[in-house]
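Novice: Let me give you the structure first, and then I'll get to my questions.
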There are 2 protein chains.
Amino acid sequence: MVNKTPAAKAPDATRRNERSRRAILDAALEIVGEVGFSKLTIEAIAARAGVGKQTIYRWWPSKAAVLFEACMPEGLDPLTVELPDTGDIEADLKTVLRGTVDELRNPKLEAPTRALSAETQNDPELGRQLTERILEPQLQAYVRRLRSAQEAGQIAADIDVRIAIELLVGPLFHRWHTRTLPLTHEYADTVAELALRGLSPR
Amino acid sequence: MVNKTPAAKAPDATRRNERSRRAILDAALEIVGEVGFSKLTIEAIAARAGVGKQTIYRWWPSKAAVLFEACMPEGLDPLTVELPDTGDIEADLKTVLRGTVDELRNPKLEAPTRALSAETQNDPELGRQLTERILEPQLQAYVRRLRSAQEAGQIAADIDVRIAIELLVGPLFHRWHTRTLPLTHEYADTVAELALRGLSPR
DNA sequence: TTGTCAAGACGATACGTCTCGCCTTCTTCT
DNA sequence: AGAAGAAGGCGAGACGTATCGTCTTGACAA
């Protein structure tokens, strides 16, 4: 048996229409920015993209999956994600965390990003894919940079770098999720300073 | 003008049926636990609660609002939320963070909690209410406990306690949101230790 | 008398499946 | 090589179902 469900014949990806694919992704991004995720419907995407509904259902399992692909950087090799390494771990982390703040505050990305973040709570499989294809490559870049800092003696050698990462980015995402206080560069700097103080050798 | 929309006449809360209210909240919790938030419908709640749909629409603006009220502790005075203070800030924080981990891992609460967390991303007004009535009272308890630690010289006096809190709970919620690594008591302890190391006086 | 209540009818909307020609691409036959 | 199918994605939209939020009815309680 080839397919999990014998009735489900997989579509032939080699015959796929790239123009339609792009039109769908662009339409989804436009609409979610205009009216929000709850009013983003498959029918509206199809209408704006000038596409049949079946063309969407054929290639994506949900509107969240469409939005996910629409947010994916296209030709970007995940392995190219790299953090700066000037030798000064504090300066480098501040640079990166400030960049994260800028991305989270980017008005063009906010609607789809929040929609996807929300959707991962109720759709663990989507969350798994998002983690694997977007989050994990970035975390691996952190891992490499923090190991480098450990070898330089700037971070205690016995610290689990995965936990170190969460100490750095957790507070930023928490503030973004809860919208309690403004997410600023100053905040990123303070978090970097305090976290590094906790991570440095005694 | 009394109402924002003249046509909207406010219902008379004094004549409200408490039995129906409880049946609705209980039904909502049951259903979201069984089939998830996306399949939680107003019609299903009304049917299971033995209630007319209008009785739900009359008192709540959305299914998320119903779930929110269903998750609210009933007779609990928010001011009574208090963190332990044994004088040992590290031990106390570990106790509290372990409790948070236990709550986040509680199978009965997981479905509604994730659903509400997701909904706050796309509904800022709901997020505001959830922050005000659930999150903020707990944060205030943290503020009091951390100020006490500052007075005892266990935490640097020049640190913004709001940021200190985010350093403590941010990593926990980040792991809960992303489901990357297991959320355990050991993790809570490590976060408390590392964060406190960053917060302690130099 | 007034207003909530349970029940459910109602039109609107979006769902996901399907059917229909149209068109492109690949295969086969002369 | 060129013509004639064969296969399958495509745009369009009809279809039945589900849920939406509003509205109506009659019972009941304050």
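Note that Cβ sites are derived from N, Cα and C of the backbone, with glycine treated the same way.
Computed from a predicted structure; not experimentally measured.
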Novice: Looking at A:41-60, A:141-160, which one is DNA-binding region according to TrEMBL?
Specialist: A:41-60
Novice: Give, as a single whole number between 0 and 100, the mean pLDDT over the DNA-binding region (A:41-60).
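Specialist: Mean pLDDT, the DNA-binding region (A:41-60): 98.
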Novice: For the DNA-binding region (A:41-60), DSSP counts of helix, strand and coil?
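Specialist: Across the DNA-binding region (A:41-60), the residues distribute as 15 helix, 0 strand, 5 coil.
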